[in-house]
Amino acid sequence: MQIHKYDTVIVGAGGAGMRAAIESTKRSRTAVLTKLYPTRSHTGAAQGGMAAALANVEEDNWEWHTFDTIKGGDYLVDQDAAEILAKEAIDAVLDLEKMGLPFGRTPEGRIDQRRFGGHTRSHGEAPVRRACYSGDRTGHMILQTLYQNCVKEGVEFFNEFYVLDQLITEVDGVKKSAGVVAYELATGEIHVFQAKSVIYASGGTGKFFKVTSNAHTLTGDGQAACYRRGLPLEDMEFFQFHPTGIWRMGILLTEGARGEGGILRNKDGERFMEKYAPVMKDLASRDVVSRSIYTEIREGRGCGPAGDHVYLDLTHLPPEQLDAKLPDITEFARTYLGIEPYTDPIPIQPTAHYAMGGIPTNVEGEVLADNTTVVPGLYAAGEVACVSVHGANRLGTNSLLDINVFGKRSGIAAAEYATKSDFVELPENPGQLVAEQVERLRNSTGTERVADLRTELQECMDANVMVFRTEQTIKTAVAKIAELRERYLNVSIQDKGKRFNTDLLEAIELGNLLDLAEVMAVSALARKESRGGHYREDYPNRDDVNFMRHTMAYREVAADGAESIRLDYKPVVTTRYQPMERKY
Amino acid sequence: MATPTLDKTDKAEAGFADSPFIMATFRIRRFNPEVSDEAQWQDFQIEIDPKERVLDALHKIKWELDGTLTFRRSCAHGICGSDAMRINGKNRLACKTLIKDINPDKPITVEAIKGLTVLKDLVVDMDPFFQAYHDVMPFLITKGNEPTRERLQSPEDRERFDDTTKCILCAACTSSCPVFWNDGQYFGPAAIVNAHRFIFDSRDEAGEQRLEILNDRDGVWRCRTTFNCTDACPRGIEVTKAIQEVKRALITRRF
């Protein structure tokens with residue numbers, strides 16, 4: 001076991017991690033631990049744009065953006081955080097441009113902007129062009145640009161290092177971050193990184209769903225590491241289902257397609273979104289559109305022999321516009337469906353896309369141990385975190401924004417904390433938990449297979465806690481997850497080696513998914529209302545009296561070792577916007 | 001105006017409706033130095049829908065037949081660049097190659113990309129590849145004071161380098177290049193593509209420096225225009241053309 005010492009350790013090298021690294025490397029000795037080579041991160045799969053009220057093409061301002069973000073999040077957004085997000089958006093985009101990001105341009109040479117779901121002028125009057133973009137490759141360009149600037153700044157990466165444990169030491173009654181434990185894929189060696197500051201930027205957890213836009217590697221490793229050490233997870237019941245995933249595969253087709261004029265149609269060719277969102281139509285917020293699609297399907301107006309999808313129709317758009325603005329998604333349709341989007345509509349269905357919830361933080365990225373207490377030296381940013389700027393439903397283009405604004409903020413805050421603090425003593429045998437976990441899996445003679453359990457989990461989640469939920473379906477999920485967690489103790493792997501043992505890592509990742517799926521289901525069961533991405537058919541209305549508050553889920557371990565989840569709640573920060581009925 | 005488009009029988013649906021599973025053989029080049037110093041071919045027979053990806057087949061093998069089979073992957077739709085491999089002798093992304101498109105009637109060969117050291121099965125050492133990328137200074141370099149707002153760039157100037165911004169650093173091009181196979185010191189197509197991306201960006205002011213780096217004995221002049229790189233690129237970048245443009249810029253000093 002090797003022990004390393006750094007001022008700042010960043011876990012994950014997607015957009016948030018690299019944006020943080022650019023700041024913290026300038027200010028403190030920083031290591032970035034990433035389970036993938038940095039440019040493999042899923043930020044690269046984001047397509048449509050990054051919101052900022054630049055007002056380059058029409059009147060806009062950050063106050064409208066703040067309002068849209070809060071309304072989009074169905075008033076579960078912390079309004080102070082949303083204001084920071086919208087205000088700092090403008091510099092975040094300009095920073096990226098100066099770093100070299102090749103944005104699309106207006107005829108005058110300014111950064112061009114396009115429409116996106118839920119982004120409006122004058123508090124909902126009409127769609128506004130706020131999304132700064134680069135074709136339908138905005139995430140790719142952000143990831144590449146940030147990596148390029150990490151190269152420029154000499155950021156130190158540990159590639160293919162899986163962080164599996166968060167080290168916490170209690171000092172004078174205060175829980176402090178002491179570092180992390182990582183597993184090196186190439187060698188199977190366990191490394192302890194002692195650090196004054198740790199930033200989690202390890203992304204989402206969408207792989208507990210079957211139909212998802214998420215990468216195979218999005219298994220909630222950061223959330224799970226913190227949760228197992230007694231830290232809470234906030235608002236985990238809120239998961240976004242993006243309306244337009246490729247039918248059955250879940251591959252993302254950007255909302256920018258509708259921003260460019262694409263239309264959703266049912267089997268009768270009807271533009272059904274006119275019924276559900278008379279003003280914003282196809283550009284209503286994602287939760288609204290996804291529910292509308294499933295309502296059409298349930299009422300027998302879905303397409304295809306099984307009536308299980310609808311169409312994204314781009315056929316009325318000029319081919320030149322598709323080539324210029326949507327080159328990648330049109331190619332996906334050709335590659336994976338054999339469809340020509342110039343002439344044929346694309347079969348789509350909602351796809352599990354984004355975790356609004358995660359590790360709770362304040363606006364500096366500092367992780368919270370409860371509703372108010374900060375864990376000194378511990379930070380989180382991006383999808384792994386819950387600030388909360390997305391509330392119950394994230395607006396499209398606000399995630400690429402989130403990673404830049406809060407990546408930068410946490411990078412600065414963590415490095416500054418590190419420069420004025422001392423190392424916290426490591427716990428005794430810091431690598432023990434990970435070593436035991438690895439050895440147990442490597443030596444297990446159990447009869448369960450990782451792939452079987454994962455498939456059962458994904459099918460259970462799709463069937464029971466997706467777009468529509470009821471007490472009964474959620475209870476079914478809770479029971480099934482409990483069964484799978486029990487069976488997980490009996491999994492074995494075939495690869496017993498040390499070198500590039502992805503068989504072992506998949507088993508560990510499954511353990512993370514099971515823990516987080518349970519938190520999600522239990523949090524969803526307790527929220528007896530419908531809000532944003534969490535829709536309860538048995539409680540179809542929003543209940544601001546009882547539920548305008550964040551869920552905080554804690555792992556409890558009894559004296560006999562029995563685990564349970566304790567739910568608590570945290571008030572929403574409301575500044576100037578009182579909750580209103582949400583219409584698009 | 002909409003309904004006519006819907007009258008057409010959806011090609012994807014028609015395909016999925018009568019999707020016949022087929023038996024396919026995957027002949028995979030295995031190597032694990034923990035077990036043996038020798039690489040060897042191993043056949044796996046699986047039942048699979050031919051409209052699935054080669055990556056799906058590899059997962060099926062790993063998850064159902066042999067957990068030791070090792071490969072990199074992440075996004076599974078051609079964006080992250082993790083799973084470049086040599087499939088039926090041609091470099092491709094496993095997640096962007098459908099089984100039906102590579103003749104599953106015969107055994108489908110899958111092996112690691114060439115020119116980089118194989119570490120286990122389909123996993124290669126990517127460090128030399130990324131080192132070459134680092135060496136071309138792959139970041140925007142500007143002089144003078146920073147403007148308050150964005151730098152202006154006309155749509156035409158933006159379009160000039162659009163093709164090379166698509167690179168996902170998967171190494172399919174570099175590891176398809178016969179010059180690179182014979183001499184790992186050669187920068188290789190991917191590094192040149194990423195230099196091109198900045199040389200032809202109107203905002204960048206270090207074009208001359210980058211050109212001098214590529215004027216090196218291991219630089220662009222090693223390219224013998226075999227077009228393997230262009231054929232291999234899963235993003236459809238005209239790699240050879242980009243290399244030619246860099247060569248021309250070196251001669252004319254105009255870019």
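Just so you know, glycine gets a Cβ as well, placed from its N, Cα and C.
TrEMBL does not curate its annotations; it predicts them automatically.
Over in TrEMBL, the protein carries these features:
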type	residues	note
DOMAIN	A:7-400	domain 'FAD-dependent oxidoreductase 2 FAD-binding'
BINDING	A:12-17, A:34-49, A:ASP221, A:GLU383, A:399-400	FAD binding site
MOD_RES	A:HIS42	tele-8alpha-FAD histidine
BINDING	A:HIS242, A:THR254, A:HIS353, A:ARG394	substrate binding site
ACT_SITE	A:ARG286	active site, proton acceptor
Chain-mates of A:HIS242, A:THR254, A:HIS353, A:ARG394 with C-beta within 8 Å of site centroid, substrate: A:SER213, A:GLN240, A:PRO243, A:LEU252, A:GLU255, A:ARG286, A:TYR354, A:GLY396, A:SER399
Greatest C-beta neighbour count within 10 angstroms, which of the binding-site residues A:ALA16, A:LEU36: A:ALA16
Inter-residue C-alpha distance, A:LEU36 (FAD binding site) and A:ARG286 (active site, proton acceptor) (nearest angstrom): 29
Protein Cβ atoms within 10 Å of A:GLY12 (FAD binding site), excluding its own: 31
Binding residues A:HIS242, A:THR254, A:HIS353, A:ARG394 (substrate) - maximum C-alpha distance in whole Å: 14
Which same-chain residues, if any, lie at least 6 apart from A:HIS42 (tele-8alpha-FAD histidine) yet have Cβ under 8 Å of it: A:GLY14, A:GLY203, A:GLY204, A:ASN214, A:ALA215, A:THR217, A:LEU218
Sites among the recorded positions A:ARG40, A:THR254, A:ARG286 close to chain B [C-beta, under 8 Å]: A:ARG40
Nearest of the recorded positions (A:GLY44, A:GLY48, A:ARG286) to A:HIS353 (substrate binding site), judged by Cα-Cα distance: A:ARG286
Fewest other Cβ within 10 angstroms of its own Cβ, chosen from the binding-site residues A:GLY44, A:GLY48: A:GLY44
Overall pLDDT of the domain 'FAD-dependent oxidoreductase 2 FAD-binding' (A:7-400), taken as the mean: 97
Which same-chain residues, if any, lie at least 6 apart from A:ARG394 (substrate binding site) yet have Cβ under 8 Å of it: A:GLY72, A:GLY73, A:GLN240, A:ARG286, A:TYR354, A:MET356
Nonlocal neighbours by CB distance (under 8 Å) for A:ARG40 (FAD binding site), same chain, sequence gap 6 or more: A:THR217
Distant-in-sequence Cβ neighbours of A:HIS242 (substrate binding site), under 8 Å, six or more positions away: A:SER213, A:LEU252, A:GLU255, A:ARG286, A:SER290, A:PRO350, A:THR351, A:ALA352, A:HIS353, A:TYR354
Surrounding CB atoms that lie within 10 Å of the CB of A:THR254 (substrate binding site), all protein chains: 29
Cα distance (Å, whole number) from A:THR254 (substrate binding site) to A:GLY48 (FAD binding site): 6
A:HIS353 (substrate binding site): tally of other CB atoms within 10 A of its CB: 26
Per DSSP, three-state class assigned to A:GLY44 (FAD binding site): helix
Rounded Cα separation (Å) that holds between A:ALA16 (FAD binding site) and A:THR254 (substrate binding site): 21
